[in-house]
Amino acid sequence: MWKKFFALAQQMGKALMLPVSILPIAGLLLGLGSARLIEIQNLASGTITKTTFGFIPEWLATIMKASGDAIFGVLPLIFAIAVAIAYTGNDGVSALAATVGFMVFIAALGAFGSARGFVTEAQIQDLIQQGQDTPNIWMKPVLGILTLDTGVFGGLIMGCIAAYLFNRFFRIKLPQYLGFFAGKRFVPIITSLVAIAVAALMSLIWPPIGGAINSFANAAASGNNIPLSAGLYALVERSLLPFGLHHVWNVPFFFQIGSYTDPVTNQLVRGDINRFFAGDPTAGILGGGYWFKMFGLPAAAMAIWQAAKPKNRAITGSLMVSAALTSFLTGITEPLEFSFLFVAPALYAIHAVMAGICDFLFVALGGRMGFTFSQGFIDFALFNQLGNWNGNKGEVWKLIVGGGIVTAAVYYFVFRAAIRLFDFKTPGREVEEELPEGMTVAPAAAGGMALGLVQAFGGRSNIEVLDACITRLRITVKDKSKVNKARLKALGASGVLEVGNSVQAIFGPRSENLKTDMIEYLKTAGPEADLGYTPAAGEAEVAEEAAVGSGAPARDPMAAEKAENLIIALGGRRNIRSVEPAALTRLRVEVADDSVVDDSALSAAGANGVMHLTDHKLHVLVGLNADQYADEMKRQLTHV
């Protein structure tokens, strides 16, 4: 059960990589646009006298902010679509069902909320200004619909529901007079109906949760131990972020705690943010966010980048650098946090704890620094002269930079150690096998190849879900015994793996195109597609022996040099736990750290291919002298 859940979570994490990849540019647009507009407002009010982003015209800043807001505003819907597609073999109908389901969900949730008398976000601000108690939860616009905000959590729920209903009903048969709505057309219909029921349930569940959070937040915000309150704020705020409930937690801290009489307007202001900009030297207790947003998370991104497998570092680096830059400049952390939240939730929990420690220490050391948008470099550049360190106005930048450097070092080493110790599958560390370079198959017509693959997987009737990743076909079958592995290898697969009811055939970068060929072929396939592949007598044995030939292989006179190069490519002597020959042509190797294995160096050392398995194990294809190379490697590994 746990393995199945872990596999589903890994699949969700991989599915969310695409929507996460668009967040850095959205964050930069939103951050820079908002910074310029806030700067214009503060210049007009006299809060600041210098301009930092004056090079951005006001009209352009407005467009940038609106563009970034649009992407973050639809993020729950984007996540719903991504999850639905991931669990349904990239079927477009599931995306439509997720979209319809999510829209019905938020609309129904808003209707239930209105019926129960929940106030709006705008009304909350009025209550705060009047000094009245605020309700536990309120409604806000989501995609133009006034509803209870469930954040990306609501999107993930509806995406999973849409995927489940698609897999359950996409072949449903209805009475003849309802035949038009049968099959896939039924999926969006049933999803929208289920969405109403889920909304009704959430309207009962979400308010008590919000109430508990609100009560806890008020108690924490009004506590006498200010450093502890600040640390608790950051810990809980990071923990609630994926559920969209952090807004409830923020209100007492942002707009209610403390009071200060503005010396300019002579009006009483409340809340940490308002008091900071009114000149209250005791406000700004949430400034620890500058440490982990400007320094900590970018350092964590570097750790994730360096922990990626060598072959994946270029792609991982591009994602991590852009996400780190967004976090540093704007304080928008979702692009980076969401990249590891779903594949390594324990790592996110570690991050939440360290964020709490940052806020605690910042206040305990006498730091006070506010913000308007988020704790990124933009707000730091605009307002650091308003902050103070132990009462010394304009000196807080020293604490932020000095403490930030320490925070970066701690984040880097904690993330790097945790990833290695617990083998977290952070971006770039996913188990992926590639077709060895130079390994090809005989050319065949697309239809012929597709037919061969369909038959090798047991025929059309045996295939339940047809999918592919970068390097392999991922086929969920009804009966694994009908799958002919020898035939798949004869068609060019460098390996065939079984994972639950899924059979994964490794064809390298061609896998996506092969999947498309199979889908297109099955649309018009005849009865031959229902036939599994039946080898002639002895063909399976011939296929297995074809690669190894017959008779004893000639010994390799360069075995010692080759073994030495293989050891180096595998990360050195200390990284190799064991090496054994396997299947005549392979080395079965167990290593301590997969990330230091260099596939390109293995290829240069003479390996024909590498298969990365689980639990730090891999197979290295070296040809008929695998036993000779294994013995020589053992000799060198034990030689002092």
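Heads up, the Cβ atoms here are built off N, Cα and C, so glycines get one too.
Mean per-residue pLDDT, taken over the domain 'PTS EIIC type-1' (3-431), amounts to 83. What TrEMBL records for 3-431 is domain 'PTS EIIC type-1'.
Among the features that TrEMBL reports, transmembrane segment is placed at 59-86 (among others). Outside the transmembrane segment (59-86) by six or more residues, the chain places 11-12, 14-16, 18-19, 22-23, 26-34, 36-37, 40, 53, 92, 94-95, 97-99, 101-103, 142-143, 150-156, 158-160, 162-163, 166, 244, 334 with a CB less than 8 A from a CB of the stretch.
The transmembrane segment annotation in TrEMBL covers 93-112 (among others).
Packing against the transmembrane segment (142-166) from elsewhere in the chain are residues 12, 73-84, 86-88, 91, 93-94, 97-98, 101-103, 105-107, 109-110, 113-114, 118, 120, 184, 187, 190-191, 194-195, 198, 202-203, 206-207, 241-245, 247, 338: each is 6 or more residues past its ends and has a CB under 8 Å from a CB in it. Residues or ranges marked as transmembrane segment in TrEMBL: 142-166 (among others).
With a cut-off of 8 Å between Cβ atoms, the residues of this chain six or more beyond the transmembrane segment (186-206) that come close are 93-94, 96-98, 100-102, 104-106, 108-109, 111-113, 116, 137, 148, 150, 154, 157-158, 161-162, 165-166, 169-170, 172, 174. Look at TrEMBL and you will find 186-206 (among others) tagged as transmembrane segment.
Among the features that TrEMBL reports, transmembrane segment is placed at 290-308 (among others). Among residues of the same chain six or more beyond the transmembrane segment (290-308), those with a C-beta under 8 A of the stretch's C-beta atoms are 234, 316-317, 320-321, 323-325, 327-328, 331, 333, 336-337, 339-340, 351, 354-355, 358, 362, 369, 371, 374-377, 380, 400, 403-405, 407-413, 415-416, 419-420, 426-429, 595.
For 315-332 (among others), the entry in TrEMBL reads transmembrane segment.
Same-chain residues lying 6 or more positions outside the transmembrane segment (338-362) and placing a CB less than 8 Å from one of its CB atoms are 9-10, 12-14, 16-17, 20, 23, 152, 227-228, 230-239, 242, 285-292, 296-297, 300, 304, 319-320, 323, 369, 399, 403, 407, 410-411, 414-415, 418-419, 422, 424-427. Taken from TrEMBL, the feature transmembrane segment applies to 338-362 (among others).
TrEMBL lists 399-419 (among others) with the feature transmembrane segment.
Residues or ranges marked as domain 'PTS EIIB type-1' by TrEMBL: 447-528 (among others).
Summarising the annotation, TrEMBL assigns active site, phosphocysteine intermediate to Cys469.
If you look up TrEMBL, you'll see 560-640 (among others) marked as domain 'PTS EIIB type-1'.
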The domain 'PTS EIIB type-1' (447-528) - residue tally per DSSP class, helix then strand then coil: 41 helix, 22 strand, 19 coil
